[in-house]
């Protein structure tokens, strides 16, 4: 597929939108301008409807969404996005900048929900095969910092309303997975904004230049 799929990950309030802007600015400075943006869940008509179902606390009334149903909806949205948007773009040499991908499911559902990690890995491999982002920027914040920022933005979705314990488990799984995969780079997002932006620029620049070497 080529090395041009970059994903930004992190807890709520980690600063993914700002990070995306920095990534775009950095790529443009490196002469890369042909890019598209995606978000998960979402990014297609079907995936956006699934996003509403899984995140909008009012979407199914009083019905409780089970953990496994939640996982399957995330994967349904992801597969639709990957097959109809991301892969075709990559095949044409377009850079794809994604707000979340499969690492979110491994962290939120595997860590936060406590769903069996072997089952999640098996499901991922079955529906995505060996498709992975070329570079993932994981913005690491504590739940206390991240949720304070998220709550300042206004209404929280169904997952953003989870407990601190849920987000602590999610963060722990993020860190565990990041330590295992060299394609995942951890950025300390508790730093002042200028320092976070500097780290993102340096990471992306070094990575792009390394791909071209």
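Note: Cβ is positioned from N, Cα and C throughout, glycine not excepted.
The structure displayed is predicted, hence computed values, not measured ones.
In the three-state DSSP classification, residue 15 (ATP binding site) falls within coil. The Cβ neighbour count for residue 15 (ATP binding site), using a 10 Å radius and every protein chain shown, is 24. Positions annotated as ATP binding site by Swiss-Prot: 10, 11, 12, 13, 14, 15, 16, 17.
Sequence-distant neighbours of residue 11 (ATP binding site) (same chain, six or more apart, CB under 8 Å from its CB) are 139, 141, 143, 146, 147, 167, 170, 171, 174, listed in sequence order. Over all protein chains present, the Cβ of residue 16 (ATP binding site) has 21 other Cβ atoms lying within 10 Å. Close to the recorded ATP site, the chain also has 19, 139, 141, 146, 149, 150, 189: residues not among 10, 11, 12, 13, 14, 15, 16, 17 whose Cβ is within 8 Å of the site's Cβ mean position.
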